[in-house]
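Following: one structure in structure tokens, then a few remarks.
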Ligand SMILES: C[S@@+](CC[C@H](N)C(=O)[O-])C[C@H]1O[C@@H](n2cnc3c(N)ncnc32)[C@H](O)[C@@H]1O
């Protein structure tokens, strides 16, 4: 039955590829058309739309994930050019990145405290000792360095080579960072090919709003994290208020950041992000609103996530294998013996309260 269904589906893929995909208007062989289409963004959307009706979702999911991993880049060349032009400004405390420097007052304790909730406690001076952290889109290392000082081994990656050069140079002035901080100019997709399930935590702070493909990015975060590992995100909501504060005020009027830094269409609401994370194998633990006061240049936590927010999610552990469960062992629910879904439920129950603004 599956063969017939798959056969019909394959015919339909071919038929629709010929008439619907904008990249396939010219004549060509079927293999050429399919090869071209593999790199077409619509292919993944098409697969997701049509495969959701099929019964063999395992095959469908693997197909979609394959297309995701081989075809998509998170890089937006315009964003790369933008950050290339600002690369020498990272460590100017009063400059274009001043707001990111002061954001450390919230995000460093947020990351530290959430990691300490998940992992065992170490001496106060090095609370994150023994943890491997990946800082994706690290820029000049503004967040990478303080986490290295807390004892973690942190790898900062950024697609802009000059950012990485500046970050390395700055870290070289502090001997404490020598064994704790490393940098590499590459994309997350490239790293995900090499470092599967390698990190205890992944950070993407003020990065999501600069990507070409968020699905691929989250998928790669999942790949590089160990099961049960933490994903930390700070980003900007897509609301009318965020348009006024992050673009009109911050860029045009107060010039806190250069004009054109943000594209409102790329902002993501907490609800959209939670949905994407949960469908990608994460469970969201904590979501908190943040507020930037331009008068004093300081950040504070607030209930509303209408503009800026911070999120912590955990990579779910694998479901226990069906054939490992022994039903008549002791009368207890088998899931109680695993720290997979059981732990997920406990953590979800203990999740921070928050106000959603979509
Ligand atoms: C607003 S900065 C944030 C820097 C750093 N995370 C911080 O908060 O201090 C955004 C960074 O994302 C990087 N970036 C742009 N596109 C990226 C991509 N596709 N993958 C990873 N990083 C990217 C930029 O080069 C830049 O360094």
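The backbone N, Cα and C atoms fix where each Cβ goes, glycine too.
In TrEMBL, annotation is done automatically, which means it is predicted and not curated.
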Q.
If I go by TrEMBL, which of 137, 141, 228 binds S-adenosyl-L-methionine at the same site as 107, 158, 205?
A. 137
(Q) Between 277-317, 318-358, I'd like to know which one TrEMBL lists as region 'Disordered'. (A) 318-358
**Q.** Sequence-distant neighbours of residue 137 (S-adenosyl-L-methionine binding site) in its chain (C-beta under 8 A, six or more apart)
**A.** 157, 158, 159, 204, 205, 206, 207, 210
(Q) Out of 137, 205, 206, 209, which binding-site residues have CB atoms lying under 6 Å from ligand 1? (A) 137, 205, 206
